[in-house]
Amino acid sequence: MKLNDTIVALATPSGAGAIAIIRVSGPDALEIVAPLFKAKSKKDLAKQPTHTLHLGNVMDGERTIDEVLASVFRAPKSYTGEETVELSCHGSPYIQQEIIQLLIRKSCRSAEAGEFTLRAFLNAKMDLSQAEAVADLINSENAASHQMAMQQMRGGFSNEIQKLREELLNFASLIELELDFAEEDVEFANRDQFKDLVSKIQTVLKRLLDSFATGNVLKNGIPVAIVGEPNVGKSTLLNALLNEERAIVSEIAGTTRDTIEDEMSIGGVGFRFIDTAGIRETKDVVESIGIKKTFEKISQAQVVVYLVDSSQIAVNRERLQQVRIEIEKIKNKFPQKPLLIIANKTDRLADEEIHNLKTKLEEISSHAERAQFLLLSAKTNLGVEELKEKLLEYVNTGALRNSDTIVTNSRHYAALLKALEEINKVEEGLNADLSGDLLAIDIRQALHHFGEITGEITNDDLLGNIFANFCIGK
């Protein structure tokens, strides 16, 4: 990949639309575009100042391809830090390709995936973690993932890491200075102050590492397994939550024979609802496979919703005992997972039956760790909104509300983990009163891992892997 040539790509999604934006960036962007652009104002595009907008036609010789708006961004005041022109044309795929092919014939090169953002990183318009946040922002599908991506893109995470790195670097410099005066036995770095700094860095790193569990699921959607005996209304509940029919709904027990998954946003947080096969004892081979998959999905879920038919357990003691057994199975396998027991089809019950049902469910849930119950009718939507509220209670959204830094990227998590390991070694060295040359080894390694996050320490393979996940026009 040559990074000193001029590149072009479609910056908007491919396909037909009202408008499309074609981005050109590089040292010759204006020199290439200007001769092809006939401004209504008769002005020369190559001589226009930055952040100006111009109406005109893109010309291929004497042929007009389209009437466009040309946006001029002069280096370094552009997204990439280079000379940049963006052509807003009509969204016909034919027009898009005609303009792009014309620019390529005039010596532009087709941009590779993520190359515009790569150039922005290399031109110091953003650091590496901010560049990765651009991809997260593009892929965000709910308020939570959007907020986390925006916070990271604005430099919240980078600033926190950079501050730690600078403070550690100051002490590292003093330690290194001691090595230059080893014969004089001079101590420039106050060891007590250094211990305080190490303790502070450990606290921050542990907080960031702890945030990854929340950040990762918020970014990708909270998985919720909807399980229970066959034909209790799991598919109907899923459809009520999603406001559309996705699962097969039937009066025949066991018709949901595989897992069905869909996504929705509740209170700005993404949830992935997984409707699974029941977990009753069965000799049916196909249904047995579905039951095995149910437990696999429960293991992957953050929250378990166990659905029962209220009209059955309200009058049938044997069925109620079966429910107890099934709940025990789930809690024995997954004692720490939040479990919400939902009595569905309450629209079929009289008031006295509902009262008795509440008493029974209170007794069952009290014997199961981290369990609650809820009365609901998926058919009439009674209790569906309360279910959504309870699901939000299970999610740690406090960090989001407080705008705390939340780690969502597994690469960042790995680098933070390695940095903490090195900082722990520094602490051990300080407590053991090790010499500065030995402390310096671990300090340098910690600084290296901080630099990996922001891109101050990097390599071509790492950059290739990161930016290959971007769309072409970004």
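Keep in mind that glycine also has a Cβ here, set from the backbone N, Cα and C atoms.
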Review point. Per Swiss-Prot, what member of Glu62, Glu86, Glu160 joins Arg23, Lys125, Lys474 in binding (6S)-5-formyl-5,6,7,8-tetrahydrofolate at one site?
Key: Glu86
Practice item. Just name the most isolated of the binding-site residues Arg23, Lys125, Lys234, Lys474, going by other Cβ atoms within 10 Å of its Cβ. Key: Lys125
Exercise for review: Report, as a single number, how many Cβ atoms besides its own are within 10 Å of the Cβ of Glu86 ((6S)-5-formyl-5,6,7,8-tetrahydrofolate binding site).
Suggested key: 21
Check your understanding: Taking only the binding-site residues Asn231, Lys234, Ser235, which one has a CA atom nearest to the CA atom of Arg23 ((6S)-5-formyl-5,6,7,8-tetrahydrofolate binding site)?
Key -> Ser235
Check your understanding: Widest Cα span across the (6S)-5-formyl-5,6,7,8-tetrahydrofolate binders Arg23, Glu86, Lys125, Lys474, in Å?
Key -> 18
Point to revise | For Lys234 (GTP binding site), the three-state class that DSSP assigns | key: helix
Point to revise | Any further residue of that chain within 8 Å (Cβ to the Cβ centroid of Arg23, Glu86, Lys125, Lys474) of the recorded (6S)-5-formyl-5,6,7,8-tetrahydrofolate site | key: Ala11, Ser25, Ser78, Tyr79, Thr80, Thr84, Phe116, Thr117, Ala120, Gly473
Review point. For Lys474 ((6S)-5-formyl-5,6,7,8-tetrahydrofolate binding site), what is the secondary structure state per DSSP, taken as helix, strand or coil?
Key: coil
**Study point:** pLDDT averaged over every residue in the domain 'TrmE-type G' (221-396)
**Key:** 77
